[in-house]
Amino acid sequence: MKGAWRVSDIRSAEAALMATLPPGTLMKRAAAGLTKRVVSLLTDRFGGVYGRRVLLLVGAGDNGGDTLLAGAALARRGAAVSALRLADRVHEEGWALLLAAGGRSVAAVPRTVDVVLDGIVGIGAKGGLRANAAAAVKSVRQARAGDRARPAVVAVDVPSGVSVDTGAVEGDAVRADVTVTFGAYKPALLVGPAAVHAGIVELVDIGLRPYLTGTAALRVPERVDVAAWWPRTGPQDDKYRRGVVGLATGSADYPGAAVLGVAGALAGPTGYVRYAGSAAQAIRDRFPTVVCAERVGDAGRVQAWVCGSGLGTDGRAQAELRAVLAAPVPVCLDADALNLLVDGSLAGQLRDRRAPTVVTPHDREFARLAGADPGPDRVESALQLAARMNAVVLLKGDRTVVATPGGFAYANPTGSAALATAGTGDVLAGLLGSLLAAGLAAELAAMAAAYVHGLAGRRAAADGPPNALHVAEALRETLSNVIIKS
Ligand SMILES: NC(=O)C1=CN([C@@H]2O[C@H](COP(=O)(O)OP(=O)(O)OC[C@H]3O[C@@H](n4cnc5c(N)ncnc54)[C@H](OP(=O)(O)O)[C@@H]3O)[C@@H](O)[C@H]2O)[C@@H](O)CC1
Ligand SMILES: Nc1ncnc2c1ncn2[C@@H]1O[C@H](COP(=O)(O)OP(=O)(O)O)[C@@H](O)[C@H]1O
């Protein structure tokens, strides 16, 4: 699992590590990692470094220093390196090294440039890009490389212009193809709109990890984590032991939401799926293995409930939600179940629950529940709502965030815009419910479901624009690749 750390934690770790090393060591390590990545990029795209045009965008701080040191190393390998100073003062030693290696100072972005190194600002950034930096970034977008395509942009540590601790992007910011980051991931590389600006993120180990003593601000699971969490079937299992998931979803008006949720649940690890609601006939027709009832109270025992998608908000829906909340098992609340929570009449019942609750709002549902939009700091907003509701919050989006009442946050790296189509949230809720019923801890169930759902969206999109049923159908193959073959 990747952990992302706040700037203050990185600064403390850096100070502790630097105290053990000769001055300048960390910058040399950072620059060496950066140089290596730029060399491989130039070699892959142009066949080598010699004669390639490299532009350095150089700001006032150590981020500019890293960039100048890497530029000097590239110049020594025969690259034509030019540097555009965007501050009155720049890292003096780095500047001298660059000039000594044959690099030159330029007053504007050249028209032809193969690779741009963004060393305007790193973790010391305050606010958005300043006017001269923003103008340079704009000119870079108009430049062309030797092969007439766009120059490659490599961000040094973080793309300049993003908010490092939150992932917000308020104004103009560098759009990188690759970000070479030092010592630790930063939240902006993994969450929020900034993550898109970062492109492919590569971490250079500079020896910082043992000195990072606080809690990671954010964790990002990898495939091996999800594979390890996923409940497996053993020889002692039967259909009940694998867990029974119940869905109280859909209605006469919205039977489709029930169908999609059940399709998601059937792809999960449980051995048995029950359905309770007025879309029972639609479920029986489509899924002969699902056992149906009209009401939650008549459905029989389950190890987790999913409630809300397409349920409606009438008296019957409210009674069903109350029955679900009263069950001493984990529940996943989505869509109309969230709308039913907004007036606060169920707040007490929700807070008093002993078994875990997961809520899965998109931004508009979040705004109704929390009283305000998630805003630029999606992780902090999700954490606050999780604490207030005593529930795991899965805040949907391009990088879905999962936050726990205990203050842990995760971001899902597999999101795909292909999922921005009606009903995919219902599929997600069903899958998540199945993981809860199989006994996975609520936050891991939420993360694992989002991870696999994102991959299924990508898989489904490979055959053409998918709808939610395609995403549900893609879950099985995705699980076979990710979970079973791992
Ligand atoms: N931490 C580590 O472990 C390691 C860190 N390393 C590297 O150091 C970097 C951090 O360096 P840093 O502290 O010097 O800050 P940095 O990001 O260069 O910017 C500060 C300068 O920028 C300016 N400035 C501020 N805001 C601005 C804006 N919006 N737009 C434009 N300019 C703005 C501000 O100038 P002023 O406001 O004074 O004009 C200030 O002088 C880090 O990201 C990594 O690359 C590695 O070498 C080794 C290990
Ligand atoms: N632009 C996007 N990029 C990636 N994922 C997205 C995007 N837009 C929506 N999604 C995902 O699609 C799903 C939509 O869920 P939701 O809004 O509840 O849909 P519905 O209620 O129609 O089922 C969520 O998993 C969300 O994270």
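Cβ coordinates come from backbone N, Cα and C, glycine included.
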Looking at AMP binding as recorded in TrEMBL, which candidate out of GLY371, GLY425, GLY430, GLY433 goes with LYS396, GLY397, ASP398, ARG399, THR400? GLY425
In TrEMBL, ASN63, ASP118 are given as binding K(+), so which of SER40, SER139, SER160 is in that site too? SER160
Packing count at ASN63 (K(+) binding site) (other Cβ atoms within 10 Å of its Cβ): 27
Using the Cβ centroid of ASN63, ASP118, SER160 as the reference point for the K(+) site, which residues of the same chain not in that list have Cβ within 8 Å? LEU57, GLY59, GLY64, THR67, GLY119, ILE120, VAL121, GLY122, ALA155, VAL156, ASP157, VAL158, PRO159, VAL174
Checking the contact step here: among the binding-site residues ASN63, GLY65, ASP118, ILE123, LYS126, HIS362, which have a Cα within 10 Å of the Cα of GLY397 (AMP binding site)? HIS362
Which chain neighbours of the AMP site, leaving out LYS396, GLY397, ASP398, ARG399, THR400, GLY425, have a Cβ atom within 8 Å of the mean position of the site's Cβ atoms? HIS362, LEU395, VAL401, ASN412, GLY415, LEU419, ALA450
Fill in the CA-CA distance, LYS126 ((6S)-NADPHX binding site) to ASP398 (AMP binding site), as an integer in Å. 26
From binding-site residues GLY65, ASP118, SER160, HIS362, the one whose Cα lies nearest ARG399 (AMP binding site): HIS362
Whole-number Å distance between the CA of ASP118 (K(+) binding site) and the CA of ASP157 ((6S)-NADPHX binding site)? 9
ILE123 ((6S)-NADPHX binding site) versus ASN63 (K(+) binding site) - Cα distance in angstrom: 8
